[in-house]
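According to TrEMBL:
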type	residues	note
BINDING	10, 12, 13, 14, 15, 96	ATP binding site
REGION	95-105	region 'LID'
């Protein structure tokens, strides 16, 4: 079974992936797979522009967890979306040294549910599990992901609403 872990930068994907890896679960960092599909580098945002369709078409089915902001473009059996309240996300991204523009873009994406909407368009509702990582202990997030992957926890998404933060982002 291939389980995707996706979300806006700063929501905890890498932290959770590291914990899963430490527990012995196979986890693939998707950043290591996109190199041949980078079309250009956007200096303004500090991001690579990736041909996501070509990358997803070429991606081999992988047993275990696949982690990265593009995971929801892959044919995963289940997908976990990590979310974070925008005011907390701003602090996390600033602590990474992100530019103001890159922080704004990511806060806007989180406040507008961009990844959730893209995921809901591509997956059946029973395949999606959304977790608010704003103040949830990372070990609890990992337990919830494992429980969902094993079918012990039902799918759940759409309960988070960050729209009140949109004015702060723009």
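Every residue gets a Cβ built from N, Cα and C, even glycine.
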Secondary structure composition of the region 'LID' (95-105) [DSSP: H/G/I, E/B, coil]: 7 helix, 0 strand, 4 coil
Among 10, 12 [binding-site residues], residue with fewest other Cβ within 10 Å: 12
Cβ-based isolation winner (fewest other Cβ atoms within 10 Å) among the binding-site residues 13, 96: 96
